[in-house]
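Take a look at the structure below.
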Amino acid sequence: MRADGRNWDKERKIEYITGYLKYADGSCLVKLGNSQVLCSATVEKRVPPFLVGSGQGWVTAEYGMLPCSTKERQVRESRLGRPDSRSQEISRFLGRSLRAIVDLVALREYQIIIDCDCLQADGGTRTAAFNGGLIALYQATRALLEKKIIDRDPIIELAGAISVGIVNSRILLDLTYEEDSQAEVDMNLVLTESERIIEIQATAEKIPFRYETFQRMFELAKSGIKRIIEETRNTIKSLP
């Protein structure tokens, strides 16, 4: 039994609170255990310069942490005078993972920016940001469809993300911060509903691990992602 009462093969409860922001084209507060990320979508009638005239849209993402989202205060990036490297890395992870399930041609020359602000961090914030970001993205694309700005749904299929790791020689699903800080192996996985791989981030923090171990971790993460996608689907169906 883990510190929060879960079995080794169980993820934390995920909760989506949609329509959280008044002015966003889509918004969702996602809660994953004690981790909380506020995700919002903004639609812009423009695309990056390399796509101008292509008839193709774009999806990008930005990730950041509030100063008191962790035990030690995070210095605001505006005070640092440069983007935080971890925030940049997660922003890229989110952008490319979301683009993988979007038909960019169907977006026409519109750009959707997904902003993910971590309110409280207790592990798994990048995976929570992906799952919440997808909800916000769905709301934004649905609004474009309803306004007849686009004529077909650009979201190809649903997807989900989760973490898995090895702590004290045991494979655990959906690591908390405490577990992640002790992990011998840490992996983040993003899969589509049809079980196609979007992203695998797997790192041996202490010692190398065998392919057979990777397979076991992958299968465990896949089972958790299936449940997350089902929760995502239920949330989308319940949207007003």
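Placed from the backbone N, Cα and C atoms, the Cβ positions cover glycine too.
Heads up, TrEMBL stuff is auto-annotated, nobody curated it.
Taken from TrEMBL, the feature domain 'Exoribonuclease phosphorolytic' applies to 12-140 (among others).
Per TrEMBL, the feature phosphate binding site maps to R86, G124, T125, R126. The Cβ of G124 (phosphate binding site) has 27 neighbouring Cβ atoms from other residues within 10 Å, across all protein chains displayed.
For the domain 'Exoribonuclease phosphorolytic' (159-223), the mean pLDDT of the prediction comes to 97. The domain 'Exoribonuclease phosphorolytic' annotation in TrEMBL covers 159-223 (among others).
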Structural state of G124 (phosphate binding site), classified by DSSP into three states: coil
Cβ neighbours within the same chain of R126 (phosphate binding site) - under 8 Å, at least six residues apart: Y63, I90, F93, L94, A161, N188
